[in-house]
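S.K.: Pasting in a structure now, in structure tokens, and then I'll have a few things to ask.
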């Protein structure tokens, strides 16, 4: 290894090491700041609505249950900065943002306090813009959306942060996120083996999967594909929503958050899902969900109601007592009228008479602050914060890594990747057609090349155009597949299912056999049809070089897909980025002709190193290259006949000199390791800010 390549290798490895470490530190610091921000507001004077007498019936069951029942309590203030103009944004970039000015912020949640007991199925309701989703997201530490948050969120009286509450809770998102090629049972089995800890045996995990399938009424669909829209027919929307719920209860968490669980479902499916949730609440779990205008039958399945208006609590207490409470303050719900619709109608703020509606809403909220329900909340908060309880044991203060070993993660991720690839054969078939077409097309064009002065140009051109096509055809399929799985990846990272590194390695290993086979087919067809060189050693060396180049192209695909997170943007950017890398690879522009201020592009291009290696492997051992016609007669337009020496090469070294390729043996190993590690580290390093943003 020469001095330059040693320096290049050491500098690049050190650079990527520093970048990855910096991103890791940045991720940890942001996470800690985020958690401290969430727990900095109140010092302990707060939380809990009136508890329905029927909830006491669950206490005896809870003492026998396998989980610790939890009481969720909170006090929250949240505000959002007003939209800034372009001049203000430029000012903030140059001089930094000014000190906080209350007038520059919009109040989203205003001193929202509450408590939810075990056995509760709580519905957070309100008109659009009331703060329902914001409250739910803050309670489970997700998507703060640039809000300035002051909060004290506790479980059983103990302050929690993102890591701690993840031990207690599950979160069912409004949008269903699955790997559609898996069956319902396969999906839950994958979740069980990565979510459930080492204390459970293999048989117990399988039994838990069967139990959850029964609890969520998914028995008929357990062997059906989840589905990929029109591409692969799968289970219904209601079954998908129940599957999302089943995914979160696979570990039997005592606390569940659900964001609009019935949205997009018909009445029958929505009732079925809410009944499943109610059954889980009857087991002693605490379930909090946002819901928009439920039907009467759905509404009556909830036993706790939380009404929001303009970021304030309008009511928080037993659902059965809400009509009488509102009747006492002058709002009588008509008979045979859905109470949910009535409450939302009196709390909504129509734009036509906004001022009057805001005054009425403020009056309702002020009445609640003076009510016995609010007094019970404050009394319960004081009790919880001074004497927090844990009935059936305790949870660790910090998570101790993942629930499964790295080997277990790798095994199940590899299994999932293989299943997904086998059941979506369209991309593999298209890739095979491309490979066969390009191989046969190039093979016929360059059929039986002769090694003379023309053959030098033809063979070199064939190697380069093959390199270009290999780089392109193996890059774009990864962009589509990898970005398509990003929502699943980010969700799994929030749930700490597996390590990002293990996921990345499993994707590489799962994709490798397919791309190895395809590259082997392509190179074999072209190499022997064109009769590049009747030497098995050169054939395997060139094939291996192309395989390593494909690895670099795959890493580049991961890098650009993680950077953008969007298929259209990644596809649009890939071409313009690759063109300069190909231009400076040494074929279109001689290496000795590269201007000094562009030389850095050459060293960033894996095409440059690949072309250099291919040229060295092909031409190094050629001691003699025949010249078919050393003199060509050229007739000028004036009729003068000139004698011109043809461009002949004495041997392979002369060809390398012509293309300014330095004859360095083992360049393949040193450069390939450097650049494969480079793009690997860069694409893996970009996972950290993306995980935080998710």
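Heads up, the Cβ atoms here are built off N, Cα and C, so glycines get one too.
Sharing the features that TrEMBL gives for it:
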DOMAIN    88-335  domain 'ABC transporter'
TRANSMEM  430-449  transmembrane segment
TRANSMEM  461-483  transmembrane segment
TRANSMEM  512-530  transmembrane segment
TRANSMEM  536-560  transmembrane segment
TRANSMEM  572-590  transmembrane segment
TRANSMEM  596-616  transmembrane segment
S.K.: Under 8 angstroms for C-beta pairs, at least 3 of them, ignoring pairs fewer than 6 apart in sequence. Is the transmembrane segment (430-449) in contact with the transmembrane segment (572-590) by that rule?
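M.R.: No, since the transmembrane segment (430-449) and the transmembrane segment (572-590) share fewer than 3 Cβ pairs closer than 8 Å, they do not count as touching.
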S.K.: Calculate the per-residue pLDDT averaged over the domain 'ABC transporter' (88-335) and state the result as an integer.
M.R.: 87
S.K.: Does the transmembrane segment (512-530) come close to the transmembrane segment (596-616), meaning at least 3 CB pairs under 8 Å for residues 6 or more apart?
M.R.: no
